[in-house]
Amino acid sequence: MNSATSAHPDPRRALVLGGGGSAGNAWLIGVIAGLSEAGLDVTDADLIVGTSAGSTAAAQVTSTAPAELFAATIAPVIQGPAGPRPRPAGPSLQSRHLDRMKAIIAAASDADDWRRKMGRELETDAAAATSAQWRATVAARFPTALWPRQRIVVTAVDAHSGQPVAFDRDSGIDLVDAVAASCAGGFAYGIGDARYIDGGYRSNADNADLAAGHDRVLVLSPLGGRSFTPVEWGTHLATQVDLLRAQGSSVETVFPDAASLTAFGDNMMNPLTRPSAARAGYEQARTVADRLSEFWRVS
């Protein structure tokens, strides 16, 4: 037993839920539901860190039972009456956004400079109507705008200053706004006079560094810890995991397996992949449940 674990009679545990679009959110729900079915409830963590799609998952799993979430996610999509509907970001739109992000990374001197440049770029895309529409979309994904009693932290970046932001129940905004900011994707989401960009721009799609000080940290990363930023910036998940371990935390990571990656397809923003992604996550959870149970549970 490491010294950090032995220092507390009841070791503190953190669950980190990474970003990864619509498919990634469904995979997270599947993994958490599969672990729950195997007898391991990771939603009892003392802290849940949510980034982008992971922020939605954090709000969902702290307000709805995993089995219920999973059942809703794998249910067939019912087509409503004909009429205008929001469309998922297509591969070409995603490609253009990725190209823009890579160009900004290449022009940046470090992570702080990248966040400032990214914020300025996306702030020009901000519009009150877009924020209002996005808020309504996000609000429909979980039952309450109130923060749970359990501590969750939702990541974002201030679009004007480029400063990282970690929203929680003491931030003075409701949960829907925090999550909408964290998964804003390719635009700047407005809260009052401020504008925020996606939490994935803070450091990476997981932001595991926010779990510092917890004895056991479980990272569920739909993107498998991948990052476009230079490794020397120190923002990669692997770097953050190494630092957490050096500080005394025990850390486990779960990345999508081959079946899950196949289920995601080539567009993780496509909601049609959600049922297959959730099922793949559920099945993957069965293969890691024993290992994670030994890690997560206090002996």
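Cβ coordinates come from backbone N, Cα and C, glycine included.
Unlike curated entries, TrEMBL annotations are predicted automatically.
On a predicted model such as this, the values are computed, not experimentally measured, just so you know.
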Query: With TrEMBL as the source, which of 10-14, 50-54, 270-274 is set down as motif 'GXSXG'?
result: 50-54
Message: Give me the CA-CA distance between Asp198 (active site, proton acceptor) and Ser52 (active site, nucleophile), in Å, as a whole number.
response: 6
Task: Among the active-site residues listed here (Ser52, Asp198), identify the one with the smallest other-Cβ count within 10 Å.
output: Asp198
